């Protein structure tokens, strides 16, 4: 029990570091969109303002809320059923916001008469949101309602956990390729402030994912080892 408490404490402490990087990335994205890109408005007649909804919601949904849902289930001290409901609802909210974020990108392309889903970034993003939805549906029917048998749930837990961790990194990969693509299209000069801001934003997103993954891994290790 002492060893479990040690790992559980380490996992909980890592969530503070993850929150720091997550909130930092969120603030940097808002600075970029509001200060450098003129704001964000899904209903605007300006296609650039419509597009700006896309990076904000995609980060806030699949990465930030997805990471929070993972940490809430593995490292927060609460009843198991409460953590399951919070985990499920945060991921459902993430899916809803991600759909709006993707629709903003499609709307922007329509307004600019551009082709859809042609870049590596878009391929990774579409694949991620599709698998994210499948993960949620499969998890809901397995763990929430109508709920599979206990042996089946126990067998599925490691796969569900690994799938969630992989999807978080896929979402981060989509975000980083998206930032790179946008900085290339604008185009941004190597050492101007906006370019550096995007670089720091990408690093904050990456470190958020790393520390979320570490905290979840330690939380899982605590629950399922024999220590």
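Note that Cβ sites are derived from N, Cα and C of the backbone, with glycine treated the same way.
Note that TrEMBL annotation is computational and uncurated.
Copied from TrEMBL, the annotated features are:
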- 17-217: domain 'Cytochrome b561' (DOMAIN)
- 14-34: transmembrane segment (TRANSMEM)
- 54-73: transmembrane segment (TRANSMEM)
- 85-108: transmembrane segment (TRANSMEM)
- 120-145: transmembrane segment (TRANSMEM)
- 157-180: transmembrane segment (TRANSMEM)
- 200-223: transmembrane segment (TRANSMEM)
Statement: Top stretch by Cβ pairs under 8 Å to the transmembrane segment (14-34) (candidates 54-73, 85-108, 120-145, 157-180, 200-223) is 200-223
Segment proximity, the transmembrane segment (200-223) to the transmembrane segment (120-145), 3 or more C-beta pairs under 8 Å: no
- prompt: Over the domain 'Cytochrome b561' (17-217), what does the predicted model average in pLDDT?
  reply: 94
